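K.L.:
Have a look at this one.
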């Protein structure tokens, strides 16, 4: 009995496993899998359609074709289970074994596996230390290789050509062995003593000094130690036995008309078997060497094609001239096994249809067509019908459902009640692309969708389709209801703002009823309460827009979270009172006492969610929607051609601009301005004109003059339909209105350059032919761009998801002390992102102190919600240290304290949340909104850079930060550092403005001074760079020879003479060696030193410098000794939009990157080479660092200046790798976060910083070993952080030296491929390469990430699956004995079930036998 239970259990359960390992298969292993050798290339008999014996479909090897029936028909039915037929040799069993039984082919000659040969770096090549070309020559029989030199003077592994081999034979006879082909390689591989080689390499590595050699040795050592650790043997990379795939995985399907469709693999296998058999025959016949050799080569090529067709030589083509699909093609690429069948499957119980709007639905409902529902819920209906006794069998139930009788519809209603369905719209760019709803049955064939979830789906009703899925199990329904219901997804996971917000018609309706109008009917009436207003409005006594006075009841939340009610009188518009009727208690009236634009409605809902909770918000959102639709219909707002009012001043403005352009053309003709300047000026003029026309138009459309009650004329906001639509945020924008009624303005060509002649007409007036074609010219490019953008954006999302997919919240607190500092993001005089937005929802890493009383305001580990962020703002604190994903020390995944708030839920993130994927989706989803083009800087932008002063915008106090200054005799300060900032704080002490202060700027205020708005606090000359002295003394010239290194020039206007340093190219041979400079000396002619160091005050003068002082002059601190003219930096293209984001995440090194200072110290210039300048930085302790910089690079530092480590010394885009190396992880994170946000901010997309931080954390997973210490790690090897930590912990226990590491930055593609999990990497990109590397190393995949678990078909270890896996691991940890005891116990019900199943499936006598046994 127990055995019976065990057998039935075992048939049901799949094997439990915790990890997957991939290894090379030895020939013995291949034979052990096999059920027999395939000897013939035949497939099936063309007459009987039965498989040929010993052929590719042989039933004897692979199993029967029909269940429990042998091929010749002698044994049929279940009772013969397990019998092997003596006539045809087929085992009687299930036919599905033909999916799992393998065969094999014994190869007559060994064959190299193409992956280990050709997949770079070639593993066979590395092991033998022979180049790939040479190995190919041996394999394809073009050269001999010496396998055993014996006593001769040949080298082992030396290649011999045919002639050389014959010569050697003559010379040495049989003293040596040389072979060719795979046998030779196999023999060489077999002779390698892996252990000895590893030892030898390790010793050699310690002695060698050359960089290239170390690299080469490390490569070999890696592969060899992989073989050593994994237990793979090198000779297994050469195949002697070829496994044959089970036949049902390479089927042969009869088509109508007697033809067959077959898998390409059968062709490839046939080819191998044919050649193998021919080779066997030739060997038996002792055929001539050259024929055998040719056959062996052909066999090698056939096996290559089977494993990876097209990897070497020409691909083998099928009958229809297309490449045959080999085994490698089966698994790689978009239509390979991984991406097509394992990561994405088609599912049952699903359907799709067009969507239409469902304005009467509640937020949690979706309208499901009856026809669809009937089909989707069929099994549920069948079981209900049988349960009710309306049908006795499934067949009867089916008939009832097909007839669609009334009882079926009643049961359908019952079945779908509270059974959620999932709706999905492709493309599913983020998790809100699939949400759950309760179905409501509707007539017709279209799915009805609630308008408020359109934003999340990015759906509109112009023919979009959506798919419906039915969650079947109870758990699935539970999760759908509690986690995926649309009512539970009110906030956007990317930024934590509401996403269930009204848009378009609803906004227009709400905006319309909350506007007020002068002199409307009922103006000035007074009402006792809101009900009276409603009655008055319904009886036409008061207009929607009339200003009235009403007594309202207002409930406000107090500190304790209770609602306190109070009465007050308000003067407001009647429509706002109608809206107030539906506003839940607890919201202040001020939120609706304004025209309700989209922004205002969003704010209202956000406030409601944060203060009154989810349920109230959802009900309120629905009410808002019904009201908005109602009054939008009522308002009668529509669009007519007369709504587009062209301003009267337009003609005048345009003719003025045309005059200006003519003037500039004249200047250009007379040579006063260059071509580039003319172009930029013209474009500037037209941009300005366009703005002026637009302004005139908006003034005309936005305001209308009306008479008030006294008959006076007053201005009020206009009721123009177009203005109302764009002002409310329902549809359209100022830019679009400008094209309709202003002027269309400048257009771009397809390459992005701007056409100088603008379109002066607008759409109201109509375009002429030329204008029409100008506008279509750039427009077509826009359409082409959109298509490209979608693909690019999708690929970026895929890479992001792949790199972050295994990042899950694994613990509550990792206990780290590390943190990052947050401050407001300020550029110049504008706060781009205030501190509150940056720290909201984070956890404090250090207590926050009150700057005035030094008392603790907030303790460490406080969760910063809205209320606590308000405290920070009240005390104007502008720097806090918070926990961050980058500094989290959780071993796998991340901890909830470091992550902070789950943006989509509003509380601290739960353990098990898949934050990696959420981050990837949040960054990828708005990708399609980003632009694709690179910007050319020109016109206004390029001239704005030449600023020459700092004027503060707000009144406050000055703080000088990191600013090194010297004081001049007149009392002004002069900046002598370049990374300094000037900060303006407001009266509360919050930072409002940040300004960079360039070297040599004169600063007219001191630290702590008060300034007024508009005051100029610093000035400098943007076109020259001054050399400023920091010490007082006497000036001495060095190497300044008149006529050689310098010339005197006299200014004709002023008569003043100045000294100019000549260019090195113009000097005579003797002058080339001279290095012109000035130095400062004291009274005794001894060198003076710069303050705080041993660096003499020498100032090297580059070519073109103007000297303003003469030799021997006395100078004071802060005096300008010389001026170096600055050419304004060339306009270069700025990569923007999507390509910029991709560059940042791929951590690409920019072209001509900025050169950063490697150490802190004083700058001096050494001897130049031919085309490079030499820059030397001397640290305070005397160590120096030299940097050779190409002459054409613009060096932004000067002799004698002090630079900090990581400061820019030659301009250019900064390289993230340099930032990481010199300034550390936090600076890098800050850089990437700000740069990515910059791109999204331009498009008005909000993404929380923490999502970008999560991706950066994944890019920093790996470290480089700088000193291996006593660990087994190799120098310069890239290893996961966690692995180094584990290795070091082991070493610490043994009191050894630990490995030292430095962080490295990997781009997202590299990081995905370098992940610990080979399954995840293989399913991402470069499948062959990943699998080759993994199999050689005998890699083990612990299935930690989400992707690996999806691929092996398990619950993912995130969300609800997280606890499931934890329990599984806990059970796995139990002792083996406990498990066995549990297995032995058979419950009564189990026994009964087992018995009944056994009786069902077998003949009566077997049941008798089972009873006897008992």
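For all residues, glycine too, the Cβ spot is worked out from N, Cα and C.
Pulled these from Swiss-Prot:
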{"type": "BINDING", "residues": "70, 72, 85, 88", "note": "Zn(2+) 1 binding site"}
{"type": "BINDING", "residues": "460, 462, 464", "note": "Mg(2+) binding site"}
{"type": "BINDING", "residues": "814, 888, 895, 898", "note": "Zn(2+) 2 binding site"}
{"type": "COMPBIAS", "residues": "1392-1403", "note": "compositional bias 'Low complexity'"}
{"type": "REGION", "residues": "1392-1414", "note": "region 'Disordered'"}
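Please go over these features one by one and say how buried each is and what sits next to it.
P.N.:
Look at residue 85 (Zn(2+) 1 binding site): DSSP puts it in coil. Of all Cβ atoms in the protein chains displayed, 20 besides its own lie within 10 Å of the Cβ of residue 85 (Zn(2+) 1 binding site).
The secondary structure of residue 464 (Mg(2+) binding site), as reduced to three states from DSSP, is coil rather than helix or strand. Close to residue 464 (Mg(2+) binding site) in the fold, though at least 6 residues off in sequence, lie 354, 355, 425, each with a CB less than 8 Å from its CB.
The DSSP secondary structure for residue 898 (Zn(2+) 2 binding site) is helix.
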K.L.:
From the centroid of the CB atoms of 70, 72, 85, 88, the recorded Zn(2+) 1 site, which same-chain residues not already listed sit within 8 A by their CB, in sequence order?
P.N.:
59, 71, 73, 74, 75, 86, 87, 89, 90
K.L.:
Just how many other Cβ atoms lie inside 10 Å of the Cβ on residue 72 (Zn(2+) 1 binding site)?
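P.N.:
By my count, 14.
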K.L.:
Find the shortest Cα-Cα separation between residue 460 (Mg(2+) binding site) and the binding-site residues 70, 72, 888, 895, and name the residue that gives it.
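P.N.:
Going through 70, 72, 888, 895 one by one, the closest to residue 460 (Mg(2+) binding site) is 895.
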K.L.:
Nearest to residue 814 (Zn(2+) 2 binding site) by Cα, among 70, 72, 85, 88, 462 (binding-site residues)?
P.N.:
462
K.L.:
Among the binding-site residues 88, 814, 888, 895, 898, which residue has the largest number of other Cβ atoms within 10 Å of its own Cβ?
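P.N.:
For the binding-site residues 88, 814, 888, 895, 898, the Cβ with the most other Cβ atoms within 10 Å is 898.
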K.L.:
Which has the fewest other CB atoms in a 10 Å radius around its CB: 460, 462, the listed binding-site residues?
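P.N.:
Result for the binding-site residues 460, 462: minimum number of other Cβ atoms within 10 Å at 462.
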K.L.:
Within the chain of residue 70 (Zn(2+) 1 binding site), which residues six or more apart in sequence place their C-beta under 8 angstroms from its C-beta?
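P.N.:
Residues satisfying the criterion: 59, 64, 76, 85, 87, 88, 90, 91, 92.
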K.L.:
Using the alpha carbons only, what distance in Å do you get between residue 898 (Zn(2+) 2 binding site) and residue 72 (Zn(2+) 1 binding site) once rounded?
P.N.:
69
K.L.:
Looking at the binding-site residues listed here (462, 888, 895), whose Cα lies nearest to that of residue 72 (Zn(2+) 1 binding site)?
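P.N.:
Spatially nearest to residue 72 (Zn(2+) 1 binding site) by Cα position is 462.
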K.L.:
Pop the Cα-Cα gap between residue 888 (Zn(2+) 2 binding site) and residue 462 (Mg(2+) binding site) into the table, whole Å please.
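P.N.:
Between the alpha carbons of residue 462 (Mg(2+) binding site) and residue 888 (Zn(2+) 2 binding site) there are 46 Å.
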K.L.:
Suppose the Zn(2+) 2 site is 814, 888, 895, 898. Which further residues of the same chain have a Cβ inside 8 angstroms of that site's Cβ centroid?
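P.N.:
For the Zn(2+) 2 site, the extra neighbours are 811, 813, 816, 883, 885, 887, 889, 890, 894, 896, 897, 899.
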K.L.:
Can you list, in sequence order, the residues of the same chain other than 460, 462, 464 whose CB lies within 8 Å of the CB centroid of the Mg(2+) site?
P.N.:
355, 459, 461, 463
